[in-house]
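Swiss-Prot annotations:
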{"type": "BINDING", "residues": "C12, C15, C34, C37", "note": "Zn(2+) binding site"}
{"type": "BINDING", "residues": "P118, T119, G120, S121, G122, K123, T124, L125", "note": "ATP binding site"}
{"type": "DOMAIN", "residues": "1-53", "note": "domain 'ClpX-type ZB'"}
Amino acid sequence: MSKGGQEKLLYCSFCGKSQHEVKKLIAGPSVFICDECISLCNDIIRDELPEEAAKAGRSDLPTPREISSILDQYVIGQEVAKRILSVAVYNHYKRLRHTAKNAGDVELSKSNILLIGPTGSGKTLLAQTLARLLNVPFVMADATTLTEAGYVGEDVENIIQKLLQKCDYDVEKAQQGIVYIDEIDKISRKSDNPSITRDVSGEGVQQALLKLIEGTTASIPPQGGRKHPNQDFVQVDTTNILFICGGAFAGLEKVIQSRSERGGIGFGAEVKSKDDGKAVGKILLDAEPEDLIKFGLIPELIGRLPVVATLQELEESALVQILTEPKNALVKQYQKLFSMEDVELEIRPTALSAIAKKALARKTGARGLRSILEHALLDTMYELPGMESVEKVVIDENTITGDTPPLLIYADQPKVSGSN
């Protein structure tokens, strides 16, 4: 208190606000700092930490074996694809480090990746897991929505715009990100002959993607929006952005078979028999650039995707593993949901096999597992929040096939869902 009986007014030493203008004023040796200035300092430190972490992360890059073992925690099977991806990604970020240190040395070219595999085999999950592991910006684009510049639809530069938005318009960070372009097979040209008419969503998009994938400086409108004359653009160099393209390439196996079955004629010709029993995934392993050209990709685009990884169709045992083993396994997710209602969920091995068989029959791969399990548990999840004394829900093979509802076990005695 001052001599006049009035309280001495204290001020923040940084912003000058009085103690009555802020929530809290913290005293130090002859200085004061308010809660607002502390919050501002925290924001500044928080912005600088990711940059330091990214630099430290790049200097301590995990080895291909370490990358593959981390992928194993999330993606079941696909060992060959994981090995190819691990080496390609490791070499890519090692190349960035080399370029930063040795600007005038041998220039290392970029190796973008093409993933070929049936739907639900893990193409997208592999790319997402890689980005999360390396702590780099990651964006997914759908090739089917892209058109040539000047036509209705998404411009290919929108992909880079999304990447910029992902890292709050930090250009340096965006220039070392990963872009995954899905459904790349859907922009194949309609025939293997060059088209005389404009193909704005097929071959035209492939042509537009060429420079972007190889490396160019893209002009991106700030904070999104359309391009306008006399507008300032954000310049993004795509040279160090890793592009991963993925597609199911349905029908490519027929192109490969027709090539491999071609033979000479006459008595000295080699006799080749059709191997109809060979799995699609096994046939795709024999894919050559000429097959992709025949399928409808232009040679220039294939040349810019030098690393090709083929994913196999998932078998029943692999689908069962996907349901239970990964960190974010589907069964674990539903068990967590049920635990929020204080109910235990048990899915028996026979039920897991039935789910896997159903997904195989539908030809939806791992992507179809959730819809099958969701359908089996729908009525139970609808009724359960309004029910009392339910301790456990048991799912068996008959529940998946639709013959019987899930078994509800109450605190006193077991009871079947839906019975009185």
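Placement of Cβ uses the backbone N, Cα and C atoms for every residue, glycine included.
Features as recorded by Swiss-Prot, highlighted on the structure.
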| residue | record | contacts (Cβ under 8 Å, 6+ apart) |
| --- | --- | --- |
| C12 | Zn(2+) binding site | S18, V22, L25, F32, I33, C34, E36, C37 |
| T119 | ATP binding site | A248, K363, T364, G365, R367 |
| G120 | ATP binding site | L314, A359, T364, G365, A366, R367, G368 |
| S121 | ATP binding site | Q78, G281, L311, Q312, E313, L314, G365, A366 |
| G122 | ATP binding site | V75, I76, G77, Q78, A81, L311, L314, A366 |
| K123 | ATP binding site | L115, G117, D182, G246, G247, L311 |
| T124 | ATP binding site | M140, Y180, D182, G246 |
| L125 | ATP binding site | Y74, V75 |
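Under 8 Å, Cβ to Cβ, and six or more positions away along its own chain, C15 (Zn(2+) binding site) finds C34, E36, C37. Neighbour counts were taken at the CB atom with a 10 A radius for the binding-site residues C34, C37; the maximum falls on C34. Within 10 Å of the C-beta of P118 (ATP binding site) there are 20 other C-beta atoms, taking all protein chains into account.
Summary of the ATP site environment: with the site residues P118, T119, G120, S121, G122, K123, T124, L125 set aside, the chain residues having Cβ atoms within 8 Å of the Cβ mean position are G117, G246, L311, G365, A366, R367. Per-residue pLDDT, averaged over the domain 'ClpX-type ZB' (1-53), rounds to 79. Same-chain residues with CB within 8 A of the center of the C12, C15, C34, C37 CB atoms, the Zn(2+) site residues themselves not counted, are S13, F14, G16, K17, V22, L25, F32, I33, D35, E36, I38. According to its DSSP assignment, S121 (ATP binding site) is coil.
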